[in-house]
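These come from TrEMBL:
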DOMAIN    12-234  domain 'ABC transporter'
TRANSMEM  295-314  transmembrane segment
TRANSMEM  483-506  transmembrane segment
TRANSMEM  566-585  transmembrane segment
TRANSMEM  591-611  transmembrane segment
TRANSMEM  652-673  transmembrane segment
Amino acid sequence: MREEAEAKDLWLEVKNVYKTYDGVRFVLNGINMSVPKGAIYGLLGSSGCGKSTLLNSIVGLMQLDAGEIRIPSLGKKDIGFMPQELSLHDTMKTEEVFYYFGTLFEMKKELIEERIAFLTSLLQLPKRKRLLKTFSGGELRRVSLAVSFMHNPKLMILDEPTVGVDPVLRQSIWDHLLKLCNENKMTIIITTHYIEETKQAHIVGLMREGVLLCEESPKSVMTRLGCNSLEEAFLVLSKQQALTGSTNQEENQIKITKFNKVLSPLSKNDKLFSFPRFKAELMKNYFFLSRNIPLLLYLFGLPIVSCLLFNIGIGYEPNNLRFGAVIDDIPFDTLTGCERHLKEINQSCNMDYLSCQYLYEMEKTNLNLKVYDYLDEGLEAIKKNDIWGLAYFPQNFTRNLGLRIEFGKDAGSEAVDNSLVDIYLDRSNRVIDELINLNIRSSFRAFIESLFSRCGWQERASDIPINFKKPIYGILTPTFRDYAAPAIVVVILFSMPLVYGVVIIIEEKNSGTTGRSIAAGVNLLEVLLAHSVIQVSLQAIQTCSTMFMMFYIYEFQFMRPFLSTILLFLQGVTGVSLAFVIAIACDNLPIASACCTFSVISSIVLGGMIWPSQGIHPILKPISIVMPITLPVESLRGLTQRGWGLSYPPVWLGFLTCICWTIFFIFIVYLILRKAKAKAFLSKKIR
Ligand SMILES: Nc1ncnc2c1ncn2[C@@H]1O[C@H](COP(=O)(O)OP(=O)(O)OP(=O)(O)O)[C@@H](O)[C@H]1O
């Protein structure tokens, strides 16, 4: 086969190729094409006839349904490809684009500079320091054309390079192409809408509805059909095709099911990994990131802002909670009256007005008391949301409580029953309800302690006989913030790379940048490795800034700093690898965003941030345990709050979880990429 093509001196042969996107209509419908060495091959056809599909299939970015592409003597490095769309990051400068492709093609710096100077003058490119996003459409096409010339390839594949270019420049591009063919024996395949300009080509292929209607020199086709222009010849051939109806869509449908999926030889890379290509990718990612100030602010600012918000917004006790009281056992009907009385009793052992004494302690908490005259009035206030609850002191409360305190176990049941304070609550808000409950109990203890102290009785005898000693781990009075802090740190570091990675990779994919790089020789391993290096570096910075905020500025308990840092870093790497899975598997940004949101929300809900994983429903428990953040959160608690080391199972299980998930995600990425379909998918926007 190879010998056959070489014998004919063909650089490229396309044999009987078929391609359908929807399984119904054939965009390429049995195309045969032969491109001799050193020729300009003009591929002509109306919009949508399949030209770009054919070119993309030739450079290996698309899978064919049947047929064969033969490129016997050329590798990826020998091809210069200019896709129909720009497929370059528009936040890069012209010179950066040149350096990116130059590095990728392993060109020396001097040679790159030489080519920049030459191509800038030939194609009248704008200044090399300008960002692509400031260019007009025509200027962008010229830059795109220039980079495909960059490395003096043997075969140029140009998809509409002259669109939007003024006629004089168009002619000079054609002159240059002819010169390259004549002097350098370069072979060029060029598609264009301007049919007449292909008169200068050595061969024209006229394409319609996925079929090549003819393939011969412009002169020969015009002579054969007796036409004065190529435009006219194309019209005649199109009419003939319409009359014979030679597209045979149904027949082909049957044929194709028998064929295997076909890829161009150019889809293969010479090496699994090349350092210059990796370096070029790294360079491109760096340029992209360094130009994107909002993105940088997001990446470096968000961990800090999240920590700030967490510390400002979460865990502080709600204060000024409105609470009512109805006092039926004493003549004072306002708190002011109570206060006046309390001043009178001063430090004495006074057993009068005990409801007042209790309310006085209650007011010292974060309850904002309001006294009502009647119980109904107070209950109405709860219903109207004026107060969160109400304490009702029945008649003779003071006398009965006094009896209860004085006679203890000998106090009669009447004294016990009538010394109760009735509490009515709006329990619709669990957190506030718990807080009010706590305040009611703690102020009662304070009131009894104060009474015992003033009466010279053993103060401690009034307390419940339970003594909380200094905690073995943790602090004496932990708050919700202490509980949630390790989880929020893990969630931040897991979700940050997730969002960033997915957005960047999908954006690159959809803009065709990845596809163009792949056509130029980069492989997906290099693309992902370059992204990994950038992401892991960002991850390291984000880990340090998050830890600085939480453990240095906000002084959360922090033991085992080294192991904690490693764990958090690994957690971020898990996020990066999950980002790769989502970005490669998902078709578009909204679906990918939904996947990210789901991953983050399920991690927060099931990962032990809001509620301990030990209390999760038995059905969800196994899922919760294997979630990427559940065990790492426990591990971080063990490290920072208990000072445990790697020998403790809760600690090493966290590390193991991160490592296992990372390996699993990388394996999924590998499986997806192994499918040739993914290659076409990655470049689906290259048109
Ligand atoms: N990814 C895709 N999924 C589905 N259909 C597609 C896809 N890409 C192209 N097509 C369809 O295939 C047909 C051929 O498209 P192609 O881009 O190859 O045409 P073309 O000849 O290059 O057109 P133009 O000159 O306008 O660029 C069109 O009808 C187009 O809508």
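Every residue gets a Cβ built from N, Cα and C, even glycine.
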Exercise. Under 8 Å, at least 3 Cβ pairs, sequence separation 6 or more: does that hold for the transmembrane segment (652-673) versus the transmembrane segment (566-585)?
Worked result: yes
Seminar exercise, completed: Per the Cβ under 8 Å criterion, with at least 6 residues separating them from its ends, the transmembrane segment (295-314) contacts 289, 480-481, 484-485, 488-489, 492-493, 496, 500, 538, 541-542, 545-546, 549-550, 553-554
Seminar exercise, completed: Outside the transmembrane segment (566-585), at least 6 residues beyond either end, the same-chain residues with a Cβ under 8 Å of its Cβ set are 489-490, 493-502, 504-506, 509, 528, 531-532, 535-536, 539-540, 542-543, 546-547, 592, 595-596, 599, 628-629, 632, 635-636, 639, 654-655, 658-659, 661-662, 665-666, 668-669, 672-673, 678, 682
Exercise. Along the domain 'ABC transporter' (12-234), what average pLDDT does this model show?
Worked result: 89
